[in-house]
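*Asks:* Take a look at this one; I'll ask things after.
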Amino acid sequence: MAAKDVKFGNDARVKMLRGVNVLADAVKVTLGPKGRNVVLDKSFGAPTITKDGVSVAREIELEDKFENMGAQMVKEVASKANDAAGDGTTTATVLAQSIITEGLKAVAAGMNPMDLKRGIDKAVAAAVEELKALSVPCSDSKAIAQVGTISANSDETVGKLIAEAMDKVGKEGVITVEDGTGLQDELDVVEGMQFDRGYLSPYFINKPETGAVELDSPFILLADKKISNIRELLPVLEAVAKAGKPLLIIAEDVEGEALATLVVNTMRGIVKVAAVKAPGFGDRRKAMLQDIATLTAGTVISEEIGMELEKATLEDLGQAKRVVINKDTTTIIDGVGEEVAIQGRVTQIRQQIEEATSDYDREKLQERVAKLAGGVAVIKVGAATEVEMKEKKARVEDALHATRAAVEEGVVAGGGVALIRVASKITELKGQNEDQNVGIKVALRAMEAPLRQIVLNCGEEPSVVANTVKSGDGNYGYNAATEEYGNMIDMGILDPTKVTRSALQYAASVAGLMITTECMVTDLPKADAPDLGGAGGMGG
């Protein structure tokens, strides 16, 4: 086992604080509407330019191992805030730096670290309750656009696009961010349920100009099996032909004789048919077939429940207003399923999301909810160069996370004002002893740090602005973009409650651990092995 380097007490804390400051100082220059960019070198390709706190934090590794431990612990704050709310990473870092700096000063002055931590935790718990009380629900499109705009660093077009996407696919809908092809940002919305399976034969195409199959008011046959024998399909085909409507077959697979017969029928115009494979694999395929059945008021023909394809009737078939199939995707628009049944199915899937243990499962279940509840929107980010594209895409993703958080837990006044109001409401809070009271004061002072940093990044005097904001009440604050005072909510400067809450909780959690650190252990650097000496008589 390698020998260790051990540092105690003040020696350890000073080193740790130095690492915290290096990382936090690099991250906090990005805070606020007038925050600056940070350029990150890459081992290959062009450097990345970003204003995203967590991206900056992830890049920082320090040479001194003790300093690096301090930096890595603050990096954890940014990562946790990012995972929980998708935004607020810079705010969390600024809060953590302030709590650690003030807390370590108090420890150096002889306070008990454990009592300090208890005081900080008490203040943060009270602050979180006050934040919830200040929170206003965020439901209308205008508020969503404002949250998106603030989170995308005052880029109004991004805020509007996100609000429009949420309008179209609902709060539950899936919104994804992709690279665009032009200079402008675009929004593509797929209404209805879309899954990534295309037609099984190009002979089904009835719209050659678009290379797609379009079926109006079709019957939809859902089968959880491979279909290779046409005899199984004949009764359904005859019934559908009599009804004079097209038919879409969604099955595990349609092959051989069955597929050939369907193609011949379509080409001769006897009955309009198209066949696609069911989406997903294994149990997920069964679940998705059931989703489609709920959406179209059909029944999945499955041998597991004793149903045979030959005995299927028109009552077992689902229906939709329209189906569009191309090479890679199938979209079912306006299924005739009952709203109550669809909501029931959505509730059932939500329950599974609660119980899901892996992120992958959770994501797939969320997609299924979206497909049942609304649709899918794709924001295509436009930019002139690849470097700008990466930077902008990161901002749009941040803004999207922020708006989701706002819809979930509501919004509070932005620009660091909410934390100042919360701090003013809990100034009377008392701990069990004097050291805990100092811990409470440390947390209250930290709650001013985000506002001070936003003002500092504008080139103004933080103390003057902080005192002016403190002298007001409610949503009165400082608009750093226009350098005016006023009602933050009226000016459209909103922060999602979840983002502010997560930033405060994670910052206090990690800062509390660092304040109570008394010893740090790391590997001693290995001495380089001496070079092999030249062999005798071989000198130059």
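Easy rule for this one: first residue shown is 1, then count along the chain.
Every residue gets a Cβ built from N, Cα and C, even glycine.
Here Swiss-Prot flags 30-33, Lys51, 87-91, Gly415, 479-481, Asp495 as ATP binding site.
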*Asks:* When DSSP states are folded down to helix, strand and coil, where does Thr90 (ATP binding site) land?
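*Replies:* DSSP call for Thr90 (ATP binding site): helix.
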*Asks:* What is the total of other Cβ atoms whose distance to the Cβ of Thr90 (ATP binding site) is within 10 Å?
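*Replies:* Excluding its own Cβ, Thr90 (ATP binding site) sees 28 Cβ atoms within 10 Å.
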*Asks:* Cβ distance under 8 Å to Gly32 (ATP binding site), same chain, sequence separation 6 or more: which residues?
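*Replies:* Gly32 (ATP binding site) has long-range Cβ partners Gly415, Gln453, Ile454, Val455, Asn457, Cys458, Ala480.
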*Asks:* Under a criterion of Cβ-Cβ distance under 8 Å and sequence separation of at least 6, what residues of the same chain contact Lys51 (ATP binding site)?
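*Replies:* Looking at Cβ-Cβ distances below 8 Å from Lys51 (ATP binding site), excluding near sequence neighbours, one finds Thr30, Gly35, Arg36, Asn37, Val38, Asn153, Glu391, Arg395.
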*Asks:* Residues with Cβ closer than 8 Å to the Cβ of Asp495 (ATP binding site), same chain and 6+ apart in sequence?
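*Replies:* Non-local contacts for Asp495 (ATP binding site): Gly88, Val147, Ile150, Val411, Val412, Ala413, Gly414, Gly415, Ala418.
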*Asks:* Quick one: of Gly88, Gly415, which of the binding-site residues has the smallest count of other CB atoms within 10 A?
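*Replies:* With the binding-site residues Gly88, Gly415, fewest surrounding Cβ atoms within 10 Å: Gly415.
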